[in-house]
Amino acid sequence: MLLLWVSVVAASALAAPAPGADGQRRGAIQAWPDAPNVLLVVSDSFDGRLTFYPGSQVVKLPFINFMKAHGTSFLNAYTNSPICCPSRAAMWSGLFTHLTESWNNFKGLDPNYTTWMDVMEKHGYRTQKFGKLDYTSGHHSISNRVEAWTRDVAFLLRQEGRPMVNLAPKKTKVRVMQVDWKNTDRAVNWLRKEASNSTQPFVLYLGLNLPHPYPSPSSGENFGSSTFHTSRYWLKKVSYDAIKIPKWSPLSEMHPVDYYSSYTKNCTGKFTEKEIKNIRAFYYAMCAETDAMLGEIILALRQLGLLQKTIVIYTSDHGELAMEHRQFYKMSMYEASSHVPLLIMGPGIQANLQVSSVVSLVDIYPTMLDIAGIPLPQNLSGYSLLPSSSEMFKNEQKFKNLHPPWILSEFHGCNVNASTYMLRTNQWKYIAYSDGASVLPQLFDLSSDPDELTNIAAKFPEVTSSLDQKLRSIINYPKVSASVHQYNKEQFIKWKQSIGQNYSNVIANLRWHQDWLKKPKKYENAIDQWLKSHSDAKTI
């Protein structure tokens, strides 16, 4: 019944008249007569390409479509690091990954770090958050940490279960992801009990785990999340015939980093076309369930009379490869993994507007402060999205080009054996690795090769060189890679010392246990050799 109400919601006018611009610095004090409420919904692993054509044809997402019709869609929004914790650290801090040293899912922000929500609270906003946060240090499994720390070791081990699908027994089951639905209910109840009669403006955050794959218990307790799980109810929202089977390069022709990722993700074996299509169908169905949770929030705002007083933002920490480039999960700069949804609607936001310029998740921080009329810190990596989306600035050309014509994304975690850096511009995607010399770069022309099947770095050396110079002007990536390399060794040594005589047993039974236990001495020796290289013997 929930989805039938979309037409009712669509009938209400969302955009309040925006006051005329006076040419001054943007801010809520000028843009809104009263400080608006703000609601941010962040899902996990949602491919941003599903929010616009042609990706939008494969699955029904009525509430995302509602936000598109009544708000602004950013067609080229990207994560600043395609993995949970570092991506969220960038979003909550407004700073690039290397500036906060949020290297992996274990190393994020300090628990006491001042986020945009903290700043808004100090300026009179009532704040609340529910669900997945995952931007501070100290979380995730031992396996996840050790795999990230040892990615430079000269071995190749499967770290994930083979991707698979699992259908819920009850055909009509709607609430498949129980934890997310409970958190959605908590957010709705908070709106009803706490926000509806409050004289304070509020900022509410809801973090969802969907459409992240589920754990795979059949692969053993130490394997990760490789199961795409849903019910027939959600599968009916998927246009099966519209599902595209991605093209794969032969294993022998893959970029070496891609091969490492595919192998560690357990994707180098044989997959039938039916398997691939089912994985993608189940993933899209999980996206449909995510959309319904977003819908619960939108409907609650409408029912409480808050919809015309609230800026609603929807995005995701990263995407999901769903078997593109012979991989699932994220940890990649390919579009399926790095491209995220980003939609904004509410009073003063332009309706039915599509923005094609590149933006990224570090832009959330300044946007939040800008909505609240709070002066923006000068050290932020991000830029406010209001000049691109607000009614107030639609005729103000001098505000249109404040955001630079590029975004930076970087990755330093597990399942990838080299620090990775992406510079995305209007046409080009340039990907550099490690020190810039030991691993060949990649260059894709997304205007002619949207599926990123042809690396043209060698074909266009001038473009490659120019983009590399631009990247180095933004980040000294060889130096950052060296810092991460040293961090990984130091953290591994601390961990090894902390478990003492149990080391051999513990490391053998992490997520890679199926491969490790075949030749445990070989892999221990490989780690020893890695630790000895460029390290202080006394430390080891």
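Glycine is treated like the rest: Cβ placed from N, Cα and C.
Computed from a predicted structure; not experimentally measured.
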Inquiry  = Among Cys84, Cys287, which residue does Swiss-Prot annotate as binding Ca(2+) at the site that also has Asp44, Asp317, His318?
reply    = Cys84
Query = 10 Å Cβ neighbour count around Asn502 (N-linked glycosylation site)?
reply = 9
Message = For Lys132 (substrate binding site), which of the listed recorded positions (Asp44, Asn112, Asn197, Asp317, His318) have their CA atom within 10 A of its CA?
response = Asp44
Note = Most Cβ neighbours within 10 Å, among the glycosylation sites Asn112, Asn197, Asn266, Asn379, goes to Asn266
Ask   = So how many other Cβ atoms are close to His255 (substrate binding site), meaning within 10 Å of its Cβ?
value = 17
Residues within 8 Å of the Asp44, Cys84, Asp317, His318 Cβ centre (excluding the Ca(2+) site residues themselves) = Ser45, Thr79, Pro82, Ile83, Ser87, Arg88, Asp134, His212, Ser316, Lys330
Request  = Taking only the Cα atoms, work out how far Asn266 (N-linked glycosylation site) lies from Asn417 (N-linked glycosylation site), in Å, as a whole number.
outcome  = 15
Of Lys132, His318 (the binding-site residues), the residue whose Cβ has the fewest other Cβ atoms within 10 Å = Lys132
Request  = Can you grab the distance from Asn112 (N-linked glycosylation site) over to Asn379 (N-linked glycosylation site)? Cα atoms, rounded to a whole Å.
outcome  = 18
